[in-house]
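Below is one structure, written out as structure tokens; comments come after it.
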Amino acid sequence: MPRCRWLSLILLTIPLALVARKDPKKNETGVLRKLKPVNASNANVKQCLWFAMQEYNKESEDKYVFLVVKTLQAQLQVTNLLEYLIDVEIARSDCRKPLSTNEICAIQENSKLKRKLSCSFLVGALPWNGEFTVMEKKCEDA
């Protein structure tokens, strides 16, 4: 009986693998499910946004850490990864880099230091493996 289950499982995954395989001509991964809205409170969305902000703050040359003010929308696309497109509003905080683990940050209130940005992050994830990659990042002044 277990042998039949394994055979069934293998036969079911073959079509999925064929659909998700890379097209060598286009060098793109097949889309299994196009972008669809997903709740911003979804655990995977939160993990992806946390990761994207860690990367943003690491790469940013700003002396201050940026925080998410508001999540505008989140969408999910399924390829060989779970791809989350997350639109957020971020702002400069009152915490300087590098951030210590026990520091509590608030949005910058000083008018000379205030700065808000609208950002879109495309994060590829295999959350069950703890794998996250910022595939695209676009930020502009809000």
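Cβ from N, Cα, C; glycine included.
Since the structure is predicted, the reported quantities are computational estimates derived from the model, not experimental observations.
According to Swiss-Prot, the feature signal peptide maps to 1-21.
According to Swiss-Prot, the feature N-linked glycosylation site maps to ASN27 (among others).
A coil conformation is recorded for ASN39 (N-linked glycosylation site) in the three-state DSSP classification, outside any helix or strand. Annotated N-linked glycosylation site per Swiss-Prot: ASN39 (among others), in sequence order.
Positions annotated as motif 'Secondary area of contact' by Swiss-Prot: 77-81.
According to Swiss-Prot, the disulfide bond annotation covers CYS95-CYS105 (among others), on the basis of similarity to another entry. Non-local neighbourhood of CYS105 (disulfide bond): VAL65, LEU67, SER93, ASP94, CYS95, LEU99, each in the same chain, at least six residues away, with C-beta under 8 Å from its C-beta. Under DSSP, CYS105 (disulfide bond) is assigned to coil, being neither helix nor strand in the three-state scheme.
The disulfide bond annotation in Swiss-Prot covers CYS119-CYS139 (among others). Secondary structure at CYS119 (disulfide bond), taken from DSSP and collapsed to helix, strand or coil, is strand. Of all the Cβ atoms in the protein chains shown, 20 others lie within 10 Å of the Cβ of CYS119 (disulfide bond).
In the three-state DSSP scheme, CYS95 (disulfide bond) falls into the strand class. Taking the disulfide-bonded residues CYS95, CYS139 in turn, the residue surrounded by the fewest other Cβ atoms inside 10 Å of its Cβ turns out to be CYS139. The Cβ of ASN39 (N-linked glycosylation site) lies under 8 Å from the Cβ of VAL45, ALA74, each on the same chain and at least six residues away in sequence. Confidence in the motif 'Secondary area of contact' (77-81), given as mean pLDDT, stands at 96.
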